[in-house]
Amino acid sequence: MDNQGVIYSDLNLPPNPKRQQRKPKGNKSSILATEQEITYAELNLQKASQDFQENDKTYHCKDLPSAPEKLIVGILGIICLILMASVVTIVVIPSTLIQRHNNSSLNTRTQKARHCGHCPEEWITYSNSCYYIGKERRTWEESLLACTSKNSGLLSIDNEEEMKFLSIISPSSWIGVFRNSSHHPWVTINGLAFKHEIKDSDNAELNCAVLQVNGLKSAQCGSSIIYHCKHKL
């Protein structure tokens, strides 16, 4: 539209007053007048073109942001980055802590389940109890200490059914029953009276009990016999 306006103004330039006063004198005068008009039109066209370029430069310069505006834009950009970093910190860190807490709680529950509801590896389960079936031969006192180190006790008998089950697993093993002498009753390692019958109890040197296939028998406490451990769930 601006170019059209410039061309329009050039085409409608007012005639030169000097040229209006002059009267054409023949062909030579007409040619001179025409040349003057062309020269005048070219000068006006160049001037209009220069004005248009200057206006265009001024228009573009107005669109460019000034130094204070650039500073404000930079500050706003920094503030936005800080806010985004804060949001990420607020969202990510708590979720990470919650996940770690959940994992820790899960591990704790798993450990409790293994301790309370399941037997350790290489142990067998029977009637809510865990049993360690040993292969080493030790004295009664050494067997007692070995089971204590495993957070359990030397094998104990609660009923006849359990006795039959254990006698099938092992032909002979120490149990947690003893007496101070042949004149004292048989007691468990917890100090409770033992109710089941033990054979050969008249021998004064046999003050520790052994589980065998055919029942319970007394034996010398210093003998080397296989031991088993028991841990109740």
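Positions of Cβ are set from backbone N, Cα and C atoms, glycine also.
The model shown is predicted, which means the values in this text are computed figures rather than measured ones.
For 1-30, the entry in Swiss-Prot reads region 'Disordered'.
As annotated by Swiss-Prot, phosphotyrosine applies to TYR8 (among others), with the evidence given as similarity to another entry.
Positions annotated as phosphotyrosine by Swiss-Prot, on the basis of similarity to another entry: TYR40 (among others).
What Swiss-Prot lists as transmembrane segment is 71-93, and the listing cites sequence analysis.
Swiss-Prot lists 94-233 with the feature topological domain 'Extracellular'. DSSP assignment over the topological domain 'Extracellular' (94-233) gives 44 helix, 45 strand, 51 coil.
Look at Swiss-Prot and you will find ASN102 (among others) tagged as N-linked glycosylation site.
Sequence annotations record features per position, and here Swiss-Prot assigns N-linked glycosylation site to ASN103 (among others) based on sequence analysis.
The domain 'C-type lectin' feature in Swiss-Prot is assigned to 118-231.
Under the heading disulfide bond, Swiss-Prot lists CYS119-CYS130 (among others), citing sequence analysis as support. Listed in sequence order, CYS119, PRO120, TRP123, ILE124, SER152, LYS230, HIS231, LYS232, LEU233 are the same-chain residues at least 6 apart in sequence whose CB falls under 8 Å from the CB of CYS130 (disulfide bond).
Of all Cβ atoms in the shown protein chains, 26 besides its own fall within 10 Å of the Cβ of CYS229 (disulfide bond). Feature annotation from Swiss-Prot assigns disulfide bond to CYS147-CYS229 (among others); the stated evidence is sequence analysis.
Sequence-distant contacts (6 or more apart, same chain, Cβ under 8 Å) of ASN180 (N-linked glycosylation site) comprise ASN207. According to Swiss-Prot, the feature N-linked glycosylation site maps to ASN180 (among others).
Under a cutoff of 8 A between CB atoms, and with a sequence separation of 6+ in the same chain, the neighbours of CYS208 (disulfide bond) are TRP140, TRP174, VAL177, PHE178, SER218, ALA219, GLN220, CYS221, SER223. As annotated by Swiss-Prot, disulfide bond applies to CYS208-CYS221 (among others).
Other Cβ atoms within 10 Å of the Cβ of CYS119 (disulfide bond) number 17 in total over all chains.
Counting only same-chain residues at least 6 apart in sequence, those with a Cβ under 8 Å from the Cβ of CYS147 (disulfide bond) are TYR132, GLY153, LEU154, LEU155, TYR227, CYS229, LYS230.
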